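Trainee: From Swiss-Prot, for reference:
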- 1-84: region 'DNA-binding' (REGION)
- HIS33, GLU81, HIS90, CYS93, CYS96, GLU101: Zn(2+) binding site (BINDING)
- 85-142: region 'Dimerization' (REGION)
- HIS87, ASP89, GLU108, HIS125: Fe cation binding site (BINDING)
Amino acid sequence: MSDNNQALKDAGLKVTLPRLKILEVLQQPECQHISAEELYKKLIDLGEEIGLATVYRVLNQFDDAGIVTRHHFEGGKSVFELSTQHHHDHLVCLDCGEVIEFSDEVIEQRQREIAEQYNVQLTNHSLYLYGKCADGSCKQNPNAHKSKR
């Protein structure tokens, strides 16, 4: 049995061809932080006949099952990435939409200190930093918030 079949079963989902194909696409490095529409277009490019409504439904099921994480970066469009074992935060360019993942133990420690200061037991958090590419290589894009990875 393939790892993807087992992952779906472990999440309590029936193994179906659309779920397997969508999971395969999400595992491609360039398909992290991808919208439902972008995922649908990628499936079409691969010759898969999976409808947009099915893509939305499967992504919602994956989100509920913890297979993917849904992000709402500036611009309002949901993007998805496979859930990972390691925590990371995101830096997002407001002009071109590039998403950079990073981890910083100093930031993590400070967040734990703040939670303790306010007598809150921290269970989870998300940190999104927004800015603009400063190195002159930003490819301003009318479809900002499309991830480049």
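Using N, Cα and C of the backbone, Cβ positions are placed for all residues, glycine too.
Each of these features: where is it, how hidden is it, and who are its neighbours?
Mentor: When DSSP labels each residue, the region 'DNA-binding' (1-84) comes out as 45 helix, 11 strand, 28 coil, counted as helix, strand and coil in that order.
GLU101 (Zn(2+) binding site) falls within a strand when secondary structure is assigned with DSSP.
As a summary of secondary structure, the region 'Dimerization' (85-142) carries 13 helix, 13 strand, 32 coil according to DSSP.
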Trainee: Could you tell me the C-alpha distance between GLU81 (Zn(2+) binding site) and GLU108 (Fe cation binding site) in angstrom, no decimals?
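Mentor: Here the two Cα atoms lie 21 Å apart.
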Trainee: Compute the centroid of the Cβ atoms of HIS87, ASP89, GLU108, HIS125, then list the same-chain residues not in that set whose Cβ lies within 8 Å of it, in sequence order, for the Fe cation site.
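Mentor: Those within range, site residues removed, are HIS88, SER103, ILE107, GLN111, SER126, LEU127.
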